[in-house]
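Presented below is the structure to which this report refers.
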Amino acid sequence: MTATLLDGKATAAQIKDELRNRVKTLADRGVVPGLGTVLVGNDPGSEAYVNGKHRDCAEVGIASIRRELPADASQEELEAVLAELNADPACHGYIVQLPLPAHLDTQRVLELIDPEKDADGLHPVNLGRLVLGYPGPLPCTPRGIVELLRRHDVPLRGAEVAVVGRGNTVGRPLGLLLTRRSENATVTLCHTGTLDLSAHTRAADIVIVAAGVPGLLTADMVRPGAAVVDVGITRVIGPDGKGRYTGDVDPEVAEVAGKIAPMPGGVGPMTRAMLLTNVVERAEAIVEAAERA
Ligand SMILES: Nc1nc(=O)c2c([nH]1)NC[C@@H]1CN(c3ccc(C(=O)N[C@@H](CCC(=O)O)C(=O)O)cc3)C=[N+]21
């Protein structure tokens, strides 16, 4: 491998150190930030992610508020939990772990989250704020990618960025974030239906792949020296018959790229660090509003 590492694990650890200090400052003002998680069912992958979020909270001093419902929970039961968290002043932000079981109405659930408590930044009101350039919680993965690039001195201003994938959680909001005046990148939002994908990726200074297609980005598609960010996370069965997660970037890309954010160890830890950041920011906003009053 010739590319240098965009090390999400180390960067997330540094961000957690910074958050620990902000949480201390909040505690001095009498507020402990609280993150809520809502998990429906017992998918082992979702359980592992939610456990990871609570471990992160403990490391930083954020209080964990855990709500778990059985796989056959009704829409009404789930909505009652959201109403409870919306009303709980100890909960500064929360997430509903996705995907939900198929019998539940995901769109309706996500729209019932109080936008001011939307730790994922994915509520339609907050995506609308992002479109309009208004302040609000930002989606964790796009924000984590921008933060990872910034902290590794990858210039965004004037850069050509190819984003592959236009999903609501990563690609589409990432395009909006990167084209804000404060970032000022030039973005081409590609997807698996783009006719000449490699023409776009080869023209880019930064290639960010969030398509969920293992091995989609190959070495011939990358301009030598470009920065590459792998957001893909797909469960595959390896040659040994065991399940594992794989990214969207072929390993050979590391011989061509100048910098690479790998999976694992890149965007995942940054996503988790941004979830914590969103909660601490919500708590800070509440303390500041109370002190102004
Ligand atoms: N409401 C909601 N919000 C989410 O943010 C959300 C969700 N639902 N559903 C599932 C996806 C997936 N996701 C990941 C976050 C971190 C890692 C992560 O930290 N990965 C490590 C590897 C962890 C391991 O190997 O166990 C890494 O990339 O290095 C992975 C996946 C958040 N999601």
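Every residue number used here counts from 1 along the chain in the order it is shown.
Placement of Cβ uses the backbone N, Cα and C atoms for every residue, glycine included.
Predicted automatically and left uncurated, TrEMBL annotations should be read as such.
These come from TrEMBL:
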- 6-120: domain 'Tetrahydrofolate dehydrogenase/cyclohydrolase catalytic' (DOMAIN)
- 139-284: domain 'Tetrahydrofolate dehydrogenase/cyclohydrolase NAD(P)-binding' (DOMAIN)
- GLY165, ARG166, GLY167, ILE233: NADP(+) binding site (BINDING)
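Counting other CB atoms no more than 10 Å from each candidate's CB, the binding-site residues GLY165, GLY167 peak at GLY165.
Long-range Cβ proximity for ILE233 (NADP(+) binding site), meaning a same-chain Cβ under 8 A and a gap of 6 or more residues, is found for GLY212, TYR245, THR246, GLY247, MET263, GLY268. Mapped onto three states, the DSSP output places GLY165 (NADP(+) binding site) in coil.
Within the same chain, the residues at least 6 positions away from ARG166 (NADP(+) binding site) whose Cβ sits under 8 Å from its Cβ are ARG172, GLY175, LEU189, CYS190, HIS191, listed in sequence order. DSSP assigns ILE233 (NADP(+) binding site) to coil in the three-state reduction, placing it in neither a helix nor a strand.
Pairwise Cα distances among GLY165, ARG166, GLY167, ILE233, which the record gives as the binders of NADP(+), peak at 15 Å.
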